[in-house]
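According to TrEMBL:
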type	residues	note
TRANSMEM	A:15-35	transmembrane segment
TRANSMEM	A:47-69	transmembrane segment
TRANSMEM	A:89-109	transmembrane segment
TRANSMEM	A:121-145	transmembrane segment
TRANSMEM	A:165-184	transmembrane segment
TRANSMEM	A:215-238	transmembrane segment
TRANSMEM	A:250-275	transmembrane segment
TRANSMEM	A:287-311	transmembrane segment
Amino acid sequence: MTETYKVQRWTSRSIVSTALIAALQFALLAAPFVFSANVVDHLTTLFVYVVLAITWNALAGYGGLVSVGQQLFFGFGAYGAIRLSQAGVPVYAALALGGVGSAVLALIVSSFMLKLRAGEFAIGMWVLAALVQLLVSLDPIIQGATGTSLLALNSFAPAARRADTYWFGLVAMAGVALLLFLLLRSRLGAAMQAIRDNEEAARSVGVRVQLAKRIMFVLAALGAGMAGAVWLATSISFQPNTYFGVQWTAYMIFMTLVGGIGTFEGPILGAVLFFAVEAAFGAEGVWYLIGIGAAAVGFALLLPQGIWGWMERRYALRLLPVGYVLKLQGVDAGRQHGFARRSVPPPPAAMRISEQS
Amino acid sequence: MSLLLEANGLVKRYGALAVVNGVDFRVAENEAVGIVGPNGAGKTSLLNLLSGAVPVSEGRIALRGAIITGQDAAWRCRHGIGRSHQVPKPFGGMTVFENLLVAATQGGGFIQHEAYDRAVDSLELCGMLSAANRSAETLGLLERKRLELARALATGPELLLLDEIGGGLTDGEALDLVEVILDLRRRGIAIVWIEHIVHILVKVVTRLVCMDAGRIIAEGDPQSVLKDPVVISAYLGSEEVV
């Protein structure tokens, strides 16, 4: 090595911002003691949106797996919680396990869905979601389109239920976000981005494409399932048409596109914006939906990198960095304009054919 | 020199068309083999079969005597077969340095500081250190070609399959490239290099293979192959080319 270098993954600014975000999460634990019931309910809704946005972004923005069927896992998380609760599992454990159930379902369906490419995968996921919705509707407990309720939650006093559901949502959001952040900063995260950019080239540099896709797919399903379980805990009632509705994925796409696809911070910003827009204009009915759709189209055409993506490029903002920056000292600039004449180390002996399976 | 890679009876068909048709090919440790031939001869298709990018229709491939015909490109890379692509395929959403880190960690199995060292070394060798933090999608064609080579090197290959990496280089850059590849050979890396710029190819390779219509039509010492009337007729058109 003729140059000294260091690899920077954190800056002082990103350390401070990450610490502040972590501190905010801890501070939010106190919200049920401080804020009104209405605010606590709204914050719980926001947590659901954040989880949906960051997991869809991880799947599509980092993994290149554009799905319009993530409502499958949202609905299945809620359905699983109802089933487990009726089987006698304590209700909040049932809710958490419902989310895990979506991850298990994703692991199973990944064996055939991940063989599909691009548009086939996107539409195939939607079809699969509709199929599972029909199967869930056939469950006698669900009573078709009528649905059912998570009756076990009625044994809690309203204030206690609200606070417990809030904390469940907060922990689910923080847990999923932390898991994704660590994953995206890992070697696997970089491999996923390589697959997104060029699957053939990723394979040619040794990336286990199917394994990497499967991990991201399962993790995204875990997030959507947890979000569905939290939503069930807030509303108590479950109707297949609502929980398996494609509007959930439409929300995920909107939040990710507006915030900034392929950035870690963007979808969080997108979720906050969506939450604010819904609070301000949600009562407008169909015009609200038209406005949301028009905004999504506008961002896709005019600001495809989203608000955070634009800010990141304009101001080099990285509050939660997942990439690598090479800092060099003593670079011989004259050698930067051609192939330099020097040696690289020999190939390592440890990885050779003896590993063959 | 012991045999590193051996392929026998390779055939690749797309419907009724055989783009590679009964090719036997071998590379010894630390050997440098050049492949030439007219467009459509099956050179890149052969490289795709050797790297595992596409499955063979018939035939078998062995690495150090172990059959690897059924293994995919990722497996082959992790076991020492690196490659560059004729049309560069950068990871456009990542920086140049991150492109190499993926290769070093996934293909090379290097971890953390080993991977950083490997990536920096490969960047330096290919003259791309100053572009390390640039987004790969902003690179021009020549830089993309350098990135292809650097990324393949970062996987720590024993055998490097190069597909027309000299195309578009100036004479000076091409000579620098020759030095780089000779350096790789000195480090024990075997090379298979498809190239149309024959005069730089023959400075590196010790054996030359000429393909036409999916078959090998001549093979041996580079100067002998280039004087072969069959090669002149099918590819060169004139002995004056070299």
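Glycine too: its Cβ is placed from the backbone N, Cα and C atoms.
Of the ranges A:15-35, A:89-109, A:121-145, A:250-275, A:287-311, the one with the most Cβ pairs under 8 Å to the transmembrane segment (A:47-69) is A:250-275.
Simply put, out of A:15-35, A:165-184, A:215-238, A:250-275, A:287-311, A:215-238 has the most Cβ pairs sitting under 8 Å from the transmembrane segment (A:89-109). Sequence-distant contacts of the transmembrane segment (A:215-238) (same chain, six or more residues past either end, CB-CB distance under 8 Å): 41, 44-45, 47-48, 51-52, 54-56, 58-59, 62-63, 65, 67, 70-82, 92, 95-96, 98-103, 105-107, 110, 113-114, 142, 147-150, 153-154, 161, 164-165, 168-169, 172, 175-176, 179-180, 183, 188, 192, 248. If you look at the transmembrane segment (A:15-35), the same-chain residues 6 or more away from its ends with a CB under 8 A from one of its CBs are 43, 162-163, 166-167, 170, 174, 319-320.
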